[in-house]
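What TrEMBL says about this protein:
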type: ACT_SITE; residues: B:488; note: active site, proton donor
type: BINDING; residues: B:361, B:362, B:590, B:591; note: substrate binding site
type: DOMAIN; residues: B:16-270; note: domain 'Glycoside hydrolase family 65 N-terminal'
type: DOMAIN; residues: B:327-678; note: domain 'Glycoside hydrolase family 65 central catalytic'
type: DOMAIN; residues: B:687-752; note: domain 'Glycoside hydrolase family 65 C-terminal'
type: REGION; residues: B:753-786; note: region 'Disordered'
């Protein structure tokens, strides 16, 4: 479904100019606000109609049983599900005696705007009630990036053409009815009313509701307070019960008169703190918010975002849709991570309950690279979260009879929640993805403290995992058997190239880190024999190649598997139409896997190999995962298929704005949104960092006339400003000093940059060595320009 | 746990001389009676104490949901579970006013005897009640092999030393309480009271209860009638309710006087027939049983068994334990199959609810070979059952996007009920096992009618399945990828040798059958192009060999997988202590796989290969499946490790009598019990049939001084009588004619047998070419003699 008509192409906002109830759930995801701690879906102020109500607190989950008709040793018995917590977004409006509801009366004007620089969602409505009263409503909502526990809403009602009595009911609602999503009746039963009331109190326009979950035993508090501003008489009173607090504001408005209510919200949760402590926490946050005032919150929001965009913006000339989409994506990636602060960054951020609110390898693999270059402290926070789960990962490894630590495939809190091991536990690569993310952070930021504080231990324990998983054959080659790489249509295989190269990298990174921190490594039991074994395994890692075809094998034997009949199977995603028992042993690929290895382990492949591999794998990839298009963009750009790369970049960037996977209603695809940045910066900018130096090599597709981006590299800001003819590199020390220098690698050769003046380099035309590859029938990405 | 002391070694019966309540559930399985249609666990007459009450009707099941925490396309949503039906075994006894219960009073004498020639379970008890009354109780129970719907019990009570008032309550009880077995609360809830009452009626000493299942909508009827014989006054009356019918018999006995009650039971079930039809069916069966009389039932039972033993007996001199056990096994295999009549033969027969009462490849692979040689009409019946499920198998293949038919891994009625596809659907070999069983039946019996009636279609559809599953690589080799062979610790692999050879056999058998029935094959759409493709694939099948080690690879790459650390993992079965994700990619084998291929596809291996393969695979096999020991016996015998073969034969034969897998309580292991015959006949007798001729080559281990067995081969009875020096072959036409001749292959050379006189051949000593292999630590079979 495309929604082009609904969302005009604009550079700095997402705007909806009419309300289409058929895509309401989708728009709720797109218009979600979050600071990484609190998440509010873009539900209408009055609560309904809705696609799915959604108010989330990062890592506030309930436990549910994972059922197995045939159980097996090591299968996790408990899952974790993000809970829809107390909804503080609700402001119901009575117009005379009729409730404002867009399904009734006449909606004469509707506009919602998500402003990427203001960090607000604004809604502007003109509505005529069934009885004929005409009103204007303007609401502005924010989840504060500056004050982690705070959200706020300014709600303004104006009588347009006659005297109108208006009543606003501003509420906190716990245990909202949810649309049915789970097919497991037990899960549904458990999560139907997930919040047990603990206490409620109210006083003046202020109310606090405290609840806790039954199984996970987490407590949460939600609080609200109000400023009311209206000419003339107004009455306000507040009541509360177990699951509801309500402040009612009633007044009469003459034409042109406005009632303005500012609703301040505060949220907090804890697994440890007492009810009084939690109560005081939200009361304090609320007081802080009122002290700051609505305007103060707006100002701080904009200041935070100004700083972010200053470091992160990507300018795309010639393709305004991608321009809008990459900013939309960066905005949401920031929202998902800014104040997550040692909590997970879920695959869908806090925009919906898709994937139960779980975090996957998406975080380290796709989201953190972007944050590392644009908002590094958020990357460090996310990595610190992983490190806090190290003991759980150690316990999981021990359960699986392995050394070191085995991080979960999917989780909220840190426990493995994957109920299907061939595409869960066997996807060991998540461990290397984490290790590589630590290393990237260190290399790119130059900040050694993260490694010292917690990274070293993660690197050591993941290295130990790999050594206990792998083995040398009698010819001395090192193998990883029974593993699943990124491609979930080819599972439990031998020597997945991606996994093998990432594991080898993990082993080398860990060995080098132990060299940097030898004392601490010794304290963790690491000997020189152990690090030598790590290096040996890494050096002996087997990388299967089909010599006859001259291509890498995604895994041992892949190129001799049965060819998939793409013409006979055209219903996508294939996993809903074909069994794994047929998909696994065929040459059909869900998502970039060998192709992803060529991005993340770029130095392990020659340019010729990359060209031939792209040529071989493109026709076998169906992109049934949202984690694929951005990587295909990067590699297609590298081997010279720039127009195809443009198509993939568009798909990655527009995945949610155009609902390309038909499930944006369940939440946004953070990895793909982050991937839009990657498609531009690593794809058309040619950025690589897997050799420890900053490599750049821009080449633009025809339609994009200019690409300008900035990245942070060890206390420096590097700006890249490319057009079809040349690229201008700029260098600015972040601390404002001058005289900085940096040697980067441009197009494979060293290039010295100086903060004294920009460096301009003439670009060579990039021509592919092979013709543009074809995709499976019906899976060609939408063409941008041809 | 060994139970040697409890069960004395006797050639023709299993006797228990004391009652051990700790192993009650196990004894209920061992003493189970069945005719393949009705199954009665060996519960005590008075109903309790019990390990698990059990009354079963073949294929009478309830449907239960199969839950998945992460579902996938093609996963079956409904399982089938054998139902404990109306219990007609119960005869409660009141001694004066105290109930006879072995847990109270004093059990002065207890003996139960399962008589393999009489086909009865006899119990003899002397009990002193807590109040001091001494009684003798003798009961004899049978499930009629002659009258399919009938069981009967003769129950005799004698007052020993003073006048005693005795009351017998003979009952039909539906919806008995079950011990908790399932961890899935929904399954348990559903099966707690599985039978909905339909009707009940009684009249005189006769009663009929009719029930039906809720989901599977099967109806069943149970009926009882009684003969009562006692000197003096007796009162009898019968009452009935929804779930209970009770005939009460009350009388007084002077010392030496006996009350004798004969209880006749009739059972029937149907998915189609009306309540009145079902009612009349059991009433008719009951009338037939009374007309035959108790003595008539006993006589018919013995006559049936005399005929069976005449064709099937195996005599083992020198090892009385195996002698007893092989007859125990043959008796139970007969009980599981005799009157199954186009219903499945479950893995545990009708002796318990283990594996939900499902049938697996065990039937065609392990049970039917024995029946084909000893009781062929039961083998034909079982194969006809498979053929009746062909349409379901076709539908399953279509669901999986495959041609032909895909038979279920586990089922009662024919639908796939496996909830874990890597050890279910991926174990495609079940299809070839079925095809080969059809072919064996044809070759051994000479009966072409089964193939004509239904076998041809099965052969064609399984051949089509294989062709759609496999593919040729660019070098022309034919592969089967993503398959699971018999070894469930190595799953979803490439080119499992067992599967590949069996599939190739399936293809060749199908092509040959189409040649024999060309008109009918054409009608089924088979062309000469299609059969040519079958032969081509079979001829091109890839059989991976590790040239360096000089052994076959169980599957591609197997010999280069990680070696399993057997010293570090000594808790068995491994599947309860190690995750699949670790087991699959290691050289640890649950059960004979490549070794099984060397038995069933014997001609595909040279003697040298067999010796080397046994040497390689023995140290890697842990026998966590009961399907392994018998096959290891066969191959160890072939390569000359006769003493080791003897150990394995013992393990296969004694699996339940010695509770070697610690789960006999859930039912007997039919395949292993059948395997005891196979270990003796194919192991020490050297019998093979996979080349279309009867091959024999006896060699005995030291302790077994003489082995004598008879098999049926195309209307002839071949007797084999071997000792350590020579073998005497006898030939008798089954129709009593004379002048018969048969060319067999003895020790690889043709040998002509004649019905005129026995043929005596001097045996050569068999010496192994390699030393006896070792097994994993702690997994060496118990040694017989060394």
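Note that the numbers count up from 1, one per residue, in the order the chain is shown.
Glycine too: its Cβ is placed from the backbone N, Cα and C atoms.
Within 8 A of the CB centroid of the substrate site residues B:361, B:362, B:590, B:591, the other residues of that chain are B:360, B:365, B:486, B:488, B:625, B:626, B:627, B:628, B:671. A 10 Å cutoff on Cβ-Cβ distances gives the residue listed as 'active site, proton donor' a total of 23 other Cβ atoms nearby, all chains included.
The binding-site residues listed here are B:361, B:362, B:590; among them, B:362 has the most other Cβ atoms within 10 Å of its own Cβ.
Rounded to the nearest whole angstrom, the C-alpha distance between residue B:488 (active site, proton donor) and residue B:590 (substrate binding site) is 6. Within the same chain, the residues at least 6 positions away from residue B:591 (substrate binding site) whose Cβ sits under 8 Å from its Cβ are B:486, B:487, B:488, B:621, B:623, B:624, B:625, B:627, B:628, B:631, listed in sequence order. Per-residue confidence over the domain 'Glycoside hydrolase family 65 C-terminal' (B:687-752) averages 96 (mean pLDDT, predicted model). Per-class residue totals from DSSP over the region 'Disordered' (B:753-786), listed helix then strand then coil: 0 helix, 6 strand, 28 coil. The DSSP secondary structure for residue B:362 (substrate binding site) is helix.
Across the residues the record lists as binding substrate (B:361, B:362, B:590, B:591), the two Cα atoms farthest apart are 16 Å from each other. Here the domain 'Glycoside hydrolase family 65 C-terminal' (B:687-752) has, by DSSP, the following mix of helix, strand and coil residues: 0 helix, 37 strand, 29 coil.
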